[in-house]
Amino acid sequence: MSMAIINTFGNVDVYILLLSSWFLVSAVCVWGRPATFLQDFEITWSKTHIRQIDQGRSIQLILDQNSGCGFASKSKYMFGRVSMKIKLIPGDSAGTVTAFYMNSDTDTVRDELDFEFLGNRSGQPYTVQTNIYAHGKGDREQRVNLWFDPSADFHTYTIMWNHHHIVFYVDDFPIRVYKNSEGKGIPYPTMQPMGVYSTLWEADNWATRGGLEKIDWSKAPFYAYYKDFDIEGCPVPGPANCASNQSNWWEGAAYQALNAIEARRYRWVRLNHIIYDYCQDKSRFPVIPPECLAGI
């Protein structure tokens, strides 16, 4: 049994979470652990631009004028939790995008859960954009300015996906919640497994200030670093009853909604650091999209 002690932001309260990470609740699940890169992933774009470090326990992604790069999980998964520790490009990273996402890799009816880290000019905050595609419907962008320098050290970025909600975490702070409201006719990804992907690429036509800030190739090459690759979910192909097994830890009562401290942190992020929310963009959506009214 492991114990994680989480201090409340801006408060002296201490909340103790006991995580029974070694308690076997299902024999058909993949149990997460900090894996080496090649255990769970393979390079899918530009092998010369991804370098393994420390015997594959961490990797370096490289972007230069010749190419970006990318990698993907060897398997797809239905539900669970995916996390990585990432150290983003330091200094002047305007025009670059470092992406970490899940994708069904289907042509017509796509499901996708996105983290996209948008580069900046030196001294400006890094912006993380999240997006959700469900049953082929996307256009659900939200943007948050990070409250720390994500290039100074590694931080943990997590996607939690179960039958109840999808939560995007930055370290222990939930920055976005998307509830399962299929009963109200709102699309939610429940039918297709998704792989885990990451890319580093040039997107200076939109990434920084809507494309006003262009990439400065004199600062290249650009480097991002990854470690502690952790996937906990139901592999596909795999046991047929895994995804529907309510004994999977990520389907437990503790993971069906934010707890009190997570809810407080979520409200703090939304109050202080969100800079764009499609739910509030009346020029695009004169009528508030119904999923925006689902709460947390």
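Every residue gets a Cβ built from N, Cα and C, even glycine.
According to TrEMBL, the feature domain 'GH16' maps to 1-226.
Here TrEMBL flags Glu112 as active site, nucleophile. The Cβ neighbour count for Glu112 (active site, nucleophile), using a 10 Å radius over every protein chain in view, is 19.
Within the same chain, the residues at least 6 positions away from Glu116 (active site, proton donor) whose Cβ sits under 8 Å from its Cβ are Val97, Thr98, Ala99, Tyr101, Val128, Gln129, Thr130, Asn131, listed in sequence order. Feature annotation from TrEMBL assigns active site, proton donor to Glu116.
Note on Asn120 (N-linked glycosylation site): other Cβ atoms within 10 Å of its Cβ, all shown chains, come to 25. Summarising the annotation, TrEMBL assigns N-linked glycosylation site to Asn120.
If you measure from the Cα atom of Asn120 (N-linked glycosylation site) to that of Glu112 (active site, nucleophile), you get 25 Å.
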